[in-house]
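Have a look at the structure below before the remarks.
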Amino acid sequence: MGAEARRRWWVNRTAMVVVWVAASVGIWGGLHWYIRSESMRKAHEGLVSMCEERARMLQDQFAVSVNHVHALAILVSTFHYEKHPSAIDQETFAYYTARTSFERPLLNGVAYAQRVLHAERELFETHQGWTIKTMKREPSPMQDEYAPVIYSQETVSYIEALDMMSGEVLPYLGLVIFLSAAHLVVLFYSGGYVPSNFYAGGSREHFASEGHRQSSPHNPFRLLGSNHLGVVLTFPVYRSGLPADATIEQRVEATVGYLGGAFDVESLVENLLRQLAGNQDIMVNVYDVTNTSEPLIMYGPPYGYMSVSHVSMLDFGDPFRKHEMKCSRYRQKPPIPLSAITTPSGVFVICMLVGYILYAAWSRYDSVKEDCRKMEELKVQAEAADVAKSQFLATVSHEIRTPMNGVLGMLDMLLETDLNFTQKDYAQTAQVCGKALIALINEVLDRAKIEAGKLELEAVPFDLRSILDDVLSLFSSKSREKGIELAVLVSDKLPEVVIGDPGRFRQIITNLVGNSVKFTERGHIFVQVRLAENPYVAMKAKANGALNGGLHDKGETIFRRSFNTLSGLEVADGRSSLENFKLLLSDEKPFSSVSESEMAYKKDFDNVTLMVSVEDTGIGIPFHAQDRVFTPFMQADSSTSRNYGGTGIGLSISKCLVELMGGQISFVSCPNVGSTFTFTAVLQRCQRSAVDDTKRTLSESLLIAFKGMNAVLVDRRPVRSSVTVYHLKRLGISVEVVGTVKTALDAFSRQDGHLRSGKQPSLLLVEKDSWNSGTDAGLRDHLLKCKQNGQISQVPKMILLVTSESDRANFGAFFDTVIMKPLRASTIAACFQQVLEGGHPQREEKANGSAFLRSLLVGKNILVVDDNKVNLRVAAGVLKKYGAKVECAESGRDALALLQLPHKFDACFMDVQMPEMDGFEATRQIRLMESTANDQIKNRALTPEGSGRAERHLPVLAMTADVIQATYEECMKCGMDGYVSKPFEEEQLYQAICKFLVSKSVYNS
């Protein structure tokens, strides 16, 4: 990422952060406003409900008071004017109003003033016994009519005899009665003066016309001192008989008095709020809004926080005046709701967290994107490096193998000439070193294939026992030189032929046996193969000490018992004891060592899981080096390579091959005792037809010749004798094992000289360890004596089994023949045939040996193409040795010139890397010419003269020192039929050409 791109990235990132924070703040503000608005809306809804409730109750309380005052007016009219004499007096009125005051809680007192005309004044005063007085307590002056108070509630009894129409205002403690224009005004105040401009309002006509239906309230008054406001309720009292539809004049004429009471608005509201819970939550104001420009406050403070308020109209019964009640939710500005702070703040924090997560995810995405970009670059580099590595390996392999092919080829041809002993030894030594170098190159290439994941296993039928015999033959001379036992034992329960990769299986066995031969100077090397009933049990072995004897803390071996092993020496793995070896022969396991989970293991009948162990009594592996045994190019110490040779790569390759075969490998090792390597491999069972085909490739003539024969084996070691019996049974020979020569003589001395099986033995095999030249030298004479006595019909052939050439020279004179170990079925059969027929042993030849190769190549025309003249001479020499007619070409163009149709060649060996035109391009051109010719043949086949002609196809085999997988795939892609790596080997050459030349000869026949 450049500097400019990095700067843009940072600017974009900063801008996004700022926008996100601003958006979060905006969300906080919007949510805060919304919550506050919702809070105020809910408060307003509650306020409306409470205010309407209070207004309704105020109206109800006022209506109740009005009804009771009206009822009192009817009471006065009924019992004072309709009864003669009157049923009401002052005492009765005072008593009644006092007892019923609870019905008028909002009225401080009531009083009744009788209407008295001037003509009736004298009679009225005589009747009452007092004089009508003004507010100043003076006799009332003369006027048209008077309204003196004749009945009053006890609380206002001091106004009795006062003329309510005197027009004078006097201060009283309690009630002030002001009567003017036929109106009675009762006003309550608490200490103070009624203002001189007190206005009662209204007219007699209005009052008379409205009084019969309802009270007549007047405009409110403000009392001095308390500032309480109230209205006056006045009810006219009529004579009886007034019609319902009376006119105003009739009503005025029928009026006989006035009943009045003071209605205190402030006291009404106070009482109402005291009755209601939550009155502290709202503030109530009552206004007289008759004059809307200057409303008069009747109750409540003049100011308040009116942002949340509601107005309810009040009806005090006067259609000419208007009253309203205004309710406010708060007396002062309400505080901000806590939720309006906490909720937006929480959402803000969440937004910031989400922003941080998005920011981190964005950063992580950019980081991962950058990492992916770098990984892509590294991938390209790695792929380029892999290609370069493969090309390097191909080049190095080719450059090394090309001269090595010449060296080994010339050495091979040199050994075919007449050489003296010294010259032949030198040539053989050089050949061995060259083959070792080729083997090292193959191991390095195998390791490279494994690391690249390009190593693929074959799946072909093969004879497991034959491969093991071949491996033993590779190391037979070395084991004889060292005088060590080299043996193999395969369980009878294993199938004869399995499907797998025989080459890689042989490579694993060869590596393990080769290491054992390299590091073993005494004792034995024992290869055991059996069915792995439960491979997980077999792989539990771990180097934790000498399992046969045990170890001190310092690692010293303690020998506590004798060892029933192949050579009698101690081995590292205690499972190789005699008891376990017997279990190997029967393929059974001791139940004491099998857990429930192992008992539940189910065999897969489509697969065969082999367990192979390679046991030796060599120097062992030091404990500190056991953890790196399978590490490539690692050895126990620096002296190992100097003393024993090797590169330390064989075991790592074996481990990888075992894992490719679906198995595991482990080992048990103890210094100065030995090592046991055990591995498993999963192979497939083979069909019967494939088994038969594989058997036909073996030389069975010798094996069939010995079926039904009997033999006696003298061997005191049970394990070793079991190995010998295994090989003899492969030939069909029944064997009886005895421990000493004396026991064998006793067997021959029985009646008729028969064995326990009832048959007379034809062979007597004796292990060198069980032979004593001093005491057993007369064995042949004793057998001849038994024949003369008629105990046996013939003297059995005596055969000695030895492990070294020195033993053969020392004891061979006492026996008919000597068999050198390691034992193999083919060598035993050849030896038995020799000794039984009395002839010379036949030379063993495999089906792919020189004779078969000669039979394939003799008379065949072969074209060899190679730019290296030395390799050209070697290839031509090898092919001519087997009778082929060889022509050479040094380039692809020369080969094309020779292969112009029609040509005489039966096969072509083509080098891959050549100048001008390589082998790949040359093969493509050959296939193109053949394709054109075959098309013409198909067209001619439609005519009678063109029928019967075969299509042309020349077998082209790649001949190169490059053996990596990529080269093989390229060979197959360009049209080649096979692959022959340099240097040539007899078996490889046979396998490469047999399927082409044999099939061609059959077709031509």
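Each residue, glycine too, has its Cβ placed from N, Cα and C.
Residues annotated as domain 'CHASE' in TrEMBL: 84-326.
Averaged across the domain 'Histidine kinase' (395-685), pLDDT in this predicted model comes to 75. Positions annotated as domain 'Histidine kinase' by TrEMBL: 395-685.
For 710-836 (among others), the entry in TrEMBL reads domain 'Response regulatory'.
Per DSSP, the domain 'Response regulatory' (861-997) is made up of 67 helix, 24 strand, 46 coil. For 861-997 (among others), the entry in TrEMBL reads domain 'Response regulatory'.
Here D911 (4-aspartylphosphate) comes close to V865, D866, D867, N868, N871, G919, M959, T960: these same-chain residues lie at least six apart in sequence, with C-beta atoms under 8 angstroms from its C-beta. Feature annotation from TrEMBL assigns 4-aspartylphosphate to D911.
Per TrEMBL, transmembrane segment is recorded for 15-35 (among others). Note on the transmembrane segment (15-35): residues 337, 339-341, 343-345, 347-348, 351-352, 355, 358-359 of its chain, located 6 or more positions outside it, place their CB under 8 angstroms from a CB of the stretch.
Per TrEMBL, the feature transmembrane segment maps to 169-189 (among others).
Beyond its flanks by at least six residues, the transmembrane segment (338-362) meets 13, 16-17, 20-21, 23-25, 27-29, 31-32, 35-36, 39 of its own chain at Cβ-Cβ distances under 8 Å. The transmembrane segment annotation in TrEMBL covers 338-362 (among others).
Taken residue by residue, the domain 'Response regulatory' (710-836) breaks down under DSSP into 59 helix, 25 strand, 43 coil.
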